[in-house]
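J.: Shown below is the structure under consideration.
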Amino acid sequence: MMGRDGAGNDVVEIKVHPRRENNVRSAPPYQNNSVFKKWVPWLVPLFVVSNIAVFIAVMYVNDCPTNSGSCAAPSLGRFSFQPLKENPLLGPSSSTLVKMGALDVARVVNKNQSWRLISCIWLHAGVFHVVANMLSLLLIGIRLEQEFGFFRVGLVYIISGFGGSLLSALFIQTGISVGASGALFGLLGGMLSELITNWTIYANKVAALTTLLCIIAINLAVGLLPHVDNYAHIGGFLSGFFLGFVFLIRPQFKWINQKACPPGYIAPPAKSKHKTYQYVLWIVSLIVILVGFTLGMVALLRGVNVNDHCSWCHYLSCVPTSLWSCNSRQVSCQSAQLGNQLNLTCMSNGKSNLYYLSGDDLSKVQQLCAQLCN
């Protein structure tokens, strides 16, 4: 029978929680939702929608039936594509892309249009181009935004895109360049540096690192094919790699254990939130980014062509084999202009075409000549 004993027979019950210094347990960092906040991704989907909307706007401006006459998919009317011989990716003309903000080094250097280093990452050469890049962005970006939030992932994406454009402009100074590939490679680079700097909190480290390195190697290898701007890929990857050490840093494992330790358990003490090597990588990476971008912009605006100072660097973008050549053909055309009518004849294949120009634009004439001789 339960009851209260007299004063002389009081019973005192003492509960002792044993110390478990040699048996410390904590929930895995990425399985404990209380340790790291899970973000709802909205910026990456917004980037995808924005890129598609920009492509539709570019096709509206392109207006193939009015400006070219012969078009692919003419049933689309104003949104029909340029002839497949001119643009096999199902997209606009190169002159339209230049008008909308494509990377044109001559305009960046001679007309102070540095904004093209950013605007070009929102443009795509065709349907196949934009679909491939947007699927890649969803696969890579959603996971990163869930883990690190829109602000940090957005910075890595845009700054990496700028870095890819900058390196491309330093090596490829003829023709135009568009696409979000540099920014996408920046996210891959950020994933790699994030794995390295947050090494202590990951399980299956070697497997994760091996898988990521294989994905990066395959994508960079594709850039060695002709007509692919691998300089933008490399520049974006390197930018994202160093940015990852700056923006995607996590607390060390001991600090996480200490914060997430359940009642009754004792976690090993952590002196600081981050390890020393994380601080070193943060400082070194920030210096590399600032110095690299500054020197790159100075060299670009001075008209420096890095190929003149590096005899082997062209192999970074294309490796010649028995199946293809990396030498870009030099095209030349004979022109005859009457008012706003321009007749071009390609000297290499003898093709001729009549164009209507709104003004005397030398760079546009060069692009039309390249299209005619392609």
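Cβ coordinates are placed from backbone N, Cα and C, and glycine is handled just like the others.
Sharing the feature lines straight out of TrEMBL:
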type: TRANSMEM; residues: 39-60; note: transmembrane segment
type: DOMAIN; residues: 112-248; note: domain 'Peptidase S54 rhomboid'
type: TRANSMEM; residues: 121-142; note: transmembrane segment
type: TRANSMEM; residues: 154-172; note: transmembrane segment
type: TRANSMEM; residues: 178-199; note: transmembrane segment
type: TRANSMEM; residues: 206-225; note: transmembrane segment
type: TRANSMEM; residues: 231-249; note: transmembrane segment
type: TRANSMEM; residues: 279-301; note: transmembrane segment
J.: Considering pairs 6 or more residues apart, do the transmembrane segment (279-301) and the transmembrane segment (154-172) have at least three CB pairs under 8 Å?
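T.: These two stretches do touch.
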J.: Determine how many residues of the domain 'Peptidase S54 rhomboid' (112-248) DSSP places in helix, in strand and in coil.
T.: 107 helix, 1 strand, 29 coil
J.: Please give the sequence-distant neighbours of the transmembrane segment (154-172): residues at least 6 beyond its ends with Cβ less than 8 Å from one of its Cβ atoms.
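T.: Apart from its flanks, the transmembrane segment (154-172) reaches 43, 47, 103, 105, 108, 116-118, 120-121, 141, 144, 180-183, 185-187, 189-190, 229, 231-240, 243-244, 247-248, 289, 292-293, 296-297, 299-300, 304-307, 313-314, 317.
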